[in-house]
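Asks: Feature table excerpt (Swiss-Prot):
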type: DISULFID; residues: Cys402-Cys411; note: disulfide bond
type: DISULFID; residues: Cys406-Cys421; note: disulfide bond
type: DISULFID; residues: Cys437-Cys447; note: disulfide bond
type: DISULFID; residues: Cys441-Cys459; note: disulfide bond
type: DISULFID; residues: Cys461-Cys470; note: disulfide bond
type: DOMAIN; residues: 398-430; note: domain 'EGF-like 1'
type: DOMAIN; residues: 433-471; note: domain 'EGF-like 2'
type: CARBOHYD; residues: Asn82; note: N-linked glycosylation site
type: CARBOHYD; residues: Asn108; note: N-linked glycosylation site
type: CARBOHYD; residues: Asn175; note: N-linked glycosylation site
type: CARBOHYD; residues: Asn190; note: N-linked glycosylation site
type: CARBOHYD; residues: Asn313; note: N-linked glycosylation site
type: CARBOHYD; residues: Asn473; note: N-linked glycosylation site
type: CARBOHYD; residues: Asn508; note: N-linked glycosylation site
type: REPEAT; residues: 121-166; note: repeat 'LDL-receptor class B 1'
type: REPEAT; residues: 167-211; note: repeat 'LDL-receptor class B 2'
type: REPEAT; residues: 212-257; note: repeat 'LDL-receptor class B 3'
type: SIGNAL; residues: 1-26; note: signal peptide
type: TOPO_DOM; residues: 27-531; note: topological domain 'Extracellular'
type: TOPO_DOM; residues: 553-644; note: topological domain 'Cytoplasmic'
Amino acid sequence: MIRIRFGMDVLLVLLLATCLLSPTHGTPLEWDFAVTLRTKIQFMDSSWQTIATAAHEFDELSALTFDESEELIYFNDLKHRNGSIFSLKRDLIAANHVVEQTIARTGNESVAGLAYDPLTTNLFWSDTEQRKIFFASIHGSATPKVLVDLSAEGGRPDGVAVDVCRRKLYWTNSNVTHPTVERIDLDGSNRTVIVNSDIDMPRGIVVDQLSDRLFWIDDLKGVFFSVESSKLDGSDRQVVLKDKHHEPLNLAVTNDAIYWTDRTTRSVWSHPKVPVIRVTTTSKPEEEDSTDATDFKDPEPVAEDCPLVRVANLSEEARGIVARTGFYQRLQKDHHCASIVRKVKQRVDEQSRKFEVSSLLDQKMKVLENERCMNNGEYKAATDLCICPTGFKGSRCEIRECHNYCVHGTCQMSESAYPKCYCQPGFTGERCEVSVCAGLCLNGGHCRASKEENEAPTCECPAKFGGARCEQNSTEICSLFCRLLKHEPEMYVPFGCHSICEELAQGNSTNIAVPQYQHLEVCLTPTVWTSSVIIILVVGIVSSLLLVAVIVHGIRRLYKPKRPRIRKTFVVRKQARTNSAGDTPLTNRPLATEQCEITIENCCNMNICETPCFDPKLVEQTLSKSSCKEDKKILIHNMEDDLY
């Protein structure tokens with residue numbers, strides 16, 4: 001029995017693993033956009049292909065919002081008898097959706113906008129009938145509380161949006177007599193009007209956490225509408241789009257585009273958040289007999305007209321819309337949102353621990369679930385969702401966002417957790433897919449891209465063309481001067497046009513005049529090496545050589561060693577030396593009663609001269625009176641005397 005039980009457990013584990021690890025189709029998990037129609041919720045992927053539908057049991061859906069932390073959709077039904085707001089989640093076992101009542105109906109509510117705070121798990125909604133904004137927790141059955149009451153002032157709250165990171169609620173007041181865009185802290189304090197001018201009937205509103213900006217729809221008078229944007233405090237207001245023949249209700253924002261629902265065409269439309277910049281050149285056709293000079297200027301960047309794109313045609317009236325923003329991955333490093341993301345993650349982790357069990361089967365299932373998420377992704381059993389680390393995406397974190405993203409460059413993840421390309425020299429664009437030389441040089445010019453990052457590319461123009469992009473045809477310009485010169489002989493003509501005018505005059509001398517320059521031969525053959533230049537150059541070289549010689553001679557005199565100083569030493573012996581036995585008058589000099597020896601150093605060309613001194617007193621007197629030269633003469637003279 002034990003063996004059979006164990007085999008059944010293993011078989012069950014394998015079957016469940018197959019369900020977990022195999023891709024699921026037709027379920028709301030893989031969606032990127034969700035749209036509420038009148039009787040259903042439609043889920044679509046990034047290419048706006050329908051992958052699933054849900055909530056078919058309802059009759060009058062309106063607003064919706066998305067809790068990305070727990071993969072929950074919250075929506076409203078205007079005609080349900082018991083409930084007002086419901087939640088939709090995916091069933092892990094049946095691979096289907098489950099709808100539960102979240103907020104009970106208390107009267108004739110007319111919900112226009114929904115927003116969710118994942119930190120406090122509170123829902124916020126606007127009621128156009130009661131002219132109030134309510135909030136309530138999704139856990140428990142407490143009576144909803146009023147956050148903002150606009151009934152006394154005649155306001156009409158419409159769209160609502162929660163700034164999760166800065167803990168504020170934004171809403172639009174669509175009262176046509178006094179429309180506004182306002183905000184308030186989530187605790188009900190610090191109510192502020194941020195936009196109250198040049199606005200007609202604001203509808204949907206959304207907070208873009210990636211760019212720290214607000215986006216809202218304004219249903220203008222007549223058939224016009226606009227999409228506007230501002231900073232979170234209402235400053236730096238911009239009109240992103242203005243068009244007509246739409247009846248927009250709600251909008252959603254992604255990293256690069258804005259999407260909104262249109263009740264008139266039953267469609268979803270899109271427009272870029274930032275206009276695309278392109279470079280255009282406008283050329284004016286030149287007439288043959290024109291006499292007006294044309295100024296050639298470098299082209300300037302022009303904002304390209306971004307047309308509206310209908311991304312989805314729907315079978316019913318389109319109302320609410322939400323988009324997946326990557327709350328966990330994109331805001332982990334944002335200095336405003338990092339702490340909030342961490343707290344939300346802790347709350348979800350604590351809730352996930354309630355599902356943990358210790359049986360053998362559950363342990364094996366947990367191993368398989370953890371293996372479902374690749375690249376260190378974190379598996380959430382409560383939502384069957386992989387929370388991917390920065391740089392990875394996909395239902396199993398199997399896709400590296402930088403893989404093949406940059407065409408000619410290096411990809412790195414930015415602080416906003418989006419791939420960013422650092423382009424090689426010569427390429428630009430979001431993915432380094434555009435060459436800086438593409439279409440730059442005209443008329444056969446050759447483009448050279450600089451190796452420096454901030455240096456613009458240059459064009460090497462062929463003969464008779466010039467300008468930054470070789471857009472200036474010197475032949476055409478000079479032909480214009482040559483024609484004008486025929487009618488105005490005193491007009492100035494650039495020197496480079498002389499040869500061109502001569503060529504044109506050979507075939508059409510009646511309409512072309514050749515400019516006559518004074519001293520043309522000087523301009524054509526300039527002589528650089530004149531006699532005066534050569535003389536100045538020679539004098540300069542000779543002066544330089546003399547200066548170098550003087551400097552070298554002075555250095556040698558400065559560092560030449562000094563002559564040694566003559567020193568004299570006198571040694572006097574009072575006792576005469578005794579003659580030896582071999583001394584004779586012929587071999588030895590007569591001995592005096594007193595004898596002195598004089599040792600003179602550094603004289604006689606650095607030799608030591610030893611000479612007898614027969615009159616020390618005379619020498620002493622002489623030393624005190626005579627100079628060194630006289631001493632030398634006396635010594636030499638005494639050596640030559642006959643002493644015998």
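Backbone N, Cα and C atoms are what each Cβ position is placed from, and that goes for glycine too.
Predicted, not measured: the structure shown is a model, and the values here were computed from it.
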Asks: What is the total of other Cβ atoms whose distance to the Cβ of Cys461 (disulfide bond) is within 10 Å?
Replies: 21
Asks: Mean pLDDT, the repeat 'LDL-receptor class B 1' (121-166)?
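Replies: Averaged over the repeat 'LDL-receptor class B 1' (121-166), per-residue pLDDT gives 92.
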Asks: Hey, which bits of the same chain come close to the repeat 'LDL-receptor class B 2' (167-211), Cβ under 8 Å, at least six residues off its ends?
Replies: 113, 115, 117, 120, 122, 124, 126, 133, 147-148, 150, 154-161, 217-221, 230, 232-234, 237, 248-253, 255, 260, 273, 325, 330-331, 334, 337, 416
Asks: Would you kindly list the residues that approach the domain 'EGF-like 1' (398-430) from elsewhere in its chain, counting only those six or more residues past its ends and only Cβ-Cβ distances under 8 Å?
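Replies: That would be 210, 255, 326, 329-334, 374-375, 390-392, 436-437, 449-453, 457.
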Asks: When DSSP is mapped onto helix/strand/coil, what comes out for Asn175 (N-linked glycosylation site)?
Replies: coil
Asks: Can you tell me the CA-to-CA distance separating Asn313 (N-linked glycosylation site) and Cys470 (disulfide bond), as a whole number of Å?
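Replies: Each residue's Cα considered, Asn313 (N-linked glycosylation site) and Cys470 (disulfide bond) end up 47 Å apart.
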Asks: Filter the recorded positions Asn108, Cys421, Cys437 down to those whose C-alpha lies within 10 angstroms of the C-alpha of Cys461 (disulfide bond); answer none if the list is empty.
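Replies: So the list is empty; none.
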Asks: By DSSP, what is the split of the repeat 'LDL-receptor class B 1' (121-166) into helix, strand and coil residues?
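Replies: Per-class counts: 0 helix, 24 strand, 22 coil.
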Asks: Using the alpha carbons only, what distance in Å do you get between Asn175 (N-linked glycosylation site) and Cys402 (disulfide bond) once rounded?
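Replies: Per the Cα atoms, Asn175 (N-linked glycosylation site) and Cys402 (disulfide bond) stand 47 Å apart.
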Asks: So which recorded positions out of Asn82, Asn108, Cys437, Cys470, Asn473 end up within 10 angstroms of Cys459 (disulfide bond), measuring C-alpha to C-alpha?
Replies: Cys437, Cys470
Asks: For each of the disulfide-bonded residues (Cys402, Cys447), count the other CB atoms lying within 10 A of its CB, then report the residue with the highest count.
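Replies: Going through Cys402, Cys447 one by one, the largest Cβ count within 10 Å is at Cys447.
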Asks: For Asn108 (N-linked glycosylation site), what is the secondary structure state per DSSP, taken as helix, strand or coil?
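Replies: Where Asn108 (N-linked glycosylation site) sits, the three-state DSSP reduction gives coil.
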Asks: Can you name the recorded positions among Asn82, Asn190, Cys402, Cys411, Cys470 whose CA is within 10 A of the CA of Cys441 (disulfide bond)?
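Replies: Hits: Cys470.
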Asks: Might you list, by sequence position, any residue in that chain lying six or more from Cys470 (disulfide bond) with a Cβ less than 8 Å away from its Cβ?
Replies: Cys441, Leu442, Asn443, Gly444, Gly445, Cys459, Cys461, Pro462
Asks: What is the Cβ neighbour count of Asn313 (N-linked glycosylation site) at a 10 Å cut-off, with all protein chains included?
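Replies: Result for Asn313 (N-linked glycosylation site): 11 other Cβ atoms within 10 Å.
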Asks: What Cα-Cα separation, expressed in whole Å, is found between Asn473 (N-linked glycosylation site) and Cys437 (disulfide bond)?
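Replies: Rounded to a whole number, the Cα-Cα distance is 20 Å.
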